[in-house]
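For reference, the structure discussed in these notes is given below.
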Amino acid sequence: MNFFWLKKEQKNSNVTDKQARAKLLFENTPVKKAIFIVAIPGLATSLMLGLAAFLNQIFILNFVPDTIFLLNTTAHGASQSGILYDYLPSGYVHLNREQFDLIYNAYNIITPISDRINELNTNQVSSIAVNANAPFTIFSNSIVFLIPVGTSVYYTKCVSKGFERTGKDLWSTAFYATIVCSILATLIMYITLWSGLVEQIASRTKFESSSLYMIDRNAELLSKFNEWGISNYKPSQIIQQYYNSARDISISWAKLYIYIYCGGTLIQGMYLLLSYLIRAEGKNVYVMFWAIVANIFDVILNVLLIRVAKMGILGAAISTILAWSVNLIAYVIYVYKNNKSQTTWLSIHHLINFKFRYKFLGPVGLLGFSGFIRSVGVAVGSLVITLLLTKLPYSNGASNVYLWAKASPIITLFFLALFGIADGARSLLSYAYTKRDVNRVKQVYWYALMISFGYALIVYTIVAILAPHFLYLLRVEPEVMNKACIYLRINMLRLAFYSFATGAMLLFQGTNNIKNSIIATSMEGFLTFFIVMGISVGFGFLLSNYGVDDFNSALVISIGYASNSLIAGLINFTISTIYLKKKIPNIDNIKLSWSRKIEHKFFAEAELYEKQYLQSTQH
């Protein structure tokens, strides 16, 4: 039977099966065809999420410097007012761009190349702000996975068993649980924000004391100071104060972005829940299509809000939330239209008239916890790396964080797609596992792994070759382009290395193995991370003590992070392959694990509930 002719056949049938499309795709379509129907849209959908984040940062880093200025200057044929003066101490000396650049150039020309500071502009300020809000936005993105991931797995199993009433109650229970989780996520982010974490993350510019000493004795500068009527401040005091005030702007912008972004977590949580359940019904292409539409909408809004309205980083946050709203509206329309045609279990009416099944929250939440850990591990990694580059004595502080921040959006762009492959293929594997079609489970696993590795290899090759062009889009200064390329090529190795772990995430979540799911998803962000990074920090100290310059000593941090992905990926690959070959074929003959006991209890109660409901409707 041809999958794409399903609708035509349904019209000729007197009996409507609301999940006929899902059953045909997951059960009867050959895996070599079905995997592309589910995994490629999953990859594309997640790639769209990464692309949205990437484009947001491109617009911030390219449009903000052209529309907002730190110091008074002349640009675009007109005088431009600077915003930095509002962040200086009261009564502090105000220098324009030309005046300040004399101090900046005098400092850098006498400073070793590896220790020079970046130019003071809104590009630098934006980069630090974007990097400072990354752990917050990633955590906000993470916590909304708590409910959708587990719900989609159990929903798929309900589809495979034909438990319609349970599936509907599962959807309704997950809906309200997602609302609660999203509100809690927002509160957690705000409390963390108020605790001063942004101030800890935002890096300071590291100055060389010898260079500061020398510019205070620079005859040309002192002569200029006399011309400008400045007698109360030294050049070294002014340059440090101006960079500190620029850091205050970064903190202010980061906080503003976090307030707006995290305030929209509820919208994000709801559209993600619906997207997972729609894919569980086999409508992956629909989700992919609207992800693309929302991205286009996001791009247009970014241009209007950042470039035209000159709203800066605030415009990027607003455009993101409005793009989420486009997705949410599209998915609500899906529910409405497919309810009318009787081709979905999702129902707005059922959100009101249903039985809240609080017992669902345990199984769903435990399995969803692995999805949460998967993403929060990325947030922890980003936070720790930023703090290390900011605080370590052999790091150049803001200069190294600047390079790290420039590489991060490109990695995020492509890295999320690996998760998308697992997310897209999960329903296919889960359905086959529920039917105990072992051969089909194995095929889904290996096909998904091949797609992941092939994707990672192609992307890494492209980015490694075109690194300068990607970084040019992120407005990297020409004088640090070579260093930024090194950072990017090293950090992108994470993508290639972590592709080995995709199969583990897919297999353990799809088979409802809660313990192994949590282990697999926490491997890179927690289990191996602190050991590998601890060794890397120590190795950096060793290099620094042997006279290696700060840039190369600090580069060990990125090398360690990439190595951690390789170690975690190989461990996950080994564990999942053994489980696939040894455990899956004999799954019904081995002792029930605690996670399988939870699953068995869930469906035993669901089966009884379905029978009772059927009997009540017949009387």
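Every residue, even glycine, has its Cβ placed from backbone N, Cα and C.
Pulled from TrEMBL:
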type: TRANSMEM; residues: 34-55; note: transmembrane segment
type: TRANSMEM; residues: 136-155; note: transmembrane segment
type: TRANSMEM; residues: 175-197; note: transmembrane segment
type: TRANSMEM; residues: 256-278; note: transmembrane segment
type: TRANSMEM; residues: 285-306; note: transmembrane segment
type: TRANSMEM; residues: 312-336; note: transmembrane segment
type: TRANSMEM; residues: 364-389; note: transmembrane segment
type: TRANSMEM; residues: 401-423; note: transmembrane segment
type: TRANSMEM; residues: 444-466; note: transmembrane segment
type: TRANSMEM; residues: 486-508; note: transmembrane segment
type: TRANSMEM; residues: 529-548; note: transmembrane segment
type: TRANSMEM; residues: 554-575; note: transmembrane segment
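Fewer than three CB pairs closer than 8 A are found between the transmembrane segment (256-278) and the transmembrane segment (444-466), and contact between the two stretches is not assigned (pairs 6 or more residues apart).
Counted over residue pairs separated by six or more positions, the transmembrane segment (312-336) shares at least 3 Cβ pairs under 8 angstroms with the transmembrane segment (285-306), which defines the two as touching. Beyond the transmembrane segment (175-197), the same-chain residues lying 6 or more positions past its ends with a Cβ under 8 Å from any Cβ of the stretch are 135-136, 139-140, 143-144, 146-148, 255, 258-259, 262-263, 265-266, 268-270, 273, 351, 356, 361, 364-365.
Ranked by Cβ pairs under 8 Å to the transmembrane segment (486-508), the stretches 34-55, 401-423, 444-466, 529-548 are led by 444-466.
Only residues 6 or more beyond the boundaries of the transmembrane segment (34-55), in the same chain, are considered here, and those with a CB under 8 A from a CB of the stretch are 3, 25-26, 275, 279, 282, 284-285, 287-288, 291-292, 294-295, 298-299, 302, 320, 323, 409-410, 412-425, 427-428, 443-444, 447-448, 451, 455. Sequence-distant contacts of the transmembrane segment (401-423), counting only residues of its own chain at least 6 positions beyond either end whose CB sits under 8 Å from a CB of the stretch, comprise 39, 42-47, 49-51, 53-54, 57-58, 118, 124, 127-128, 130-131, 134, 149, 203, 276, 279, 374-375, 378, 382, 385-386, 389-390, 448, 451-452, 455-456, 459, 463, 470-471, 474, 476, 480, 483-484, 487-488, 491-492, 494-495, 498-499, 502, 505-506, 509, 558.
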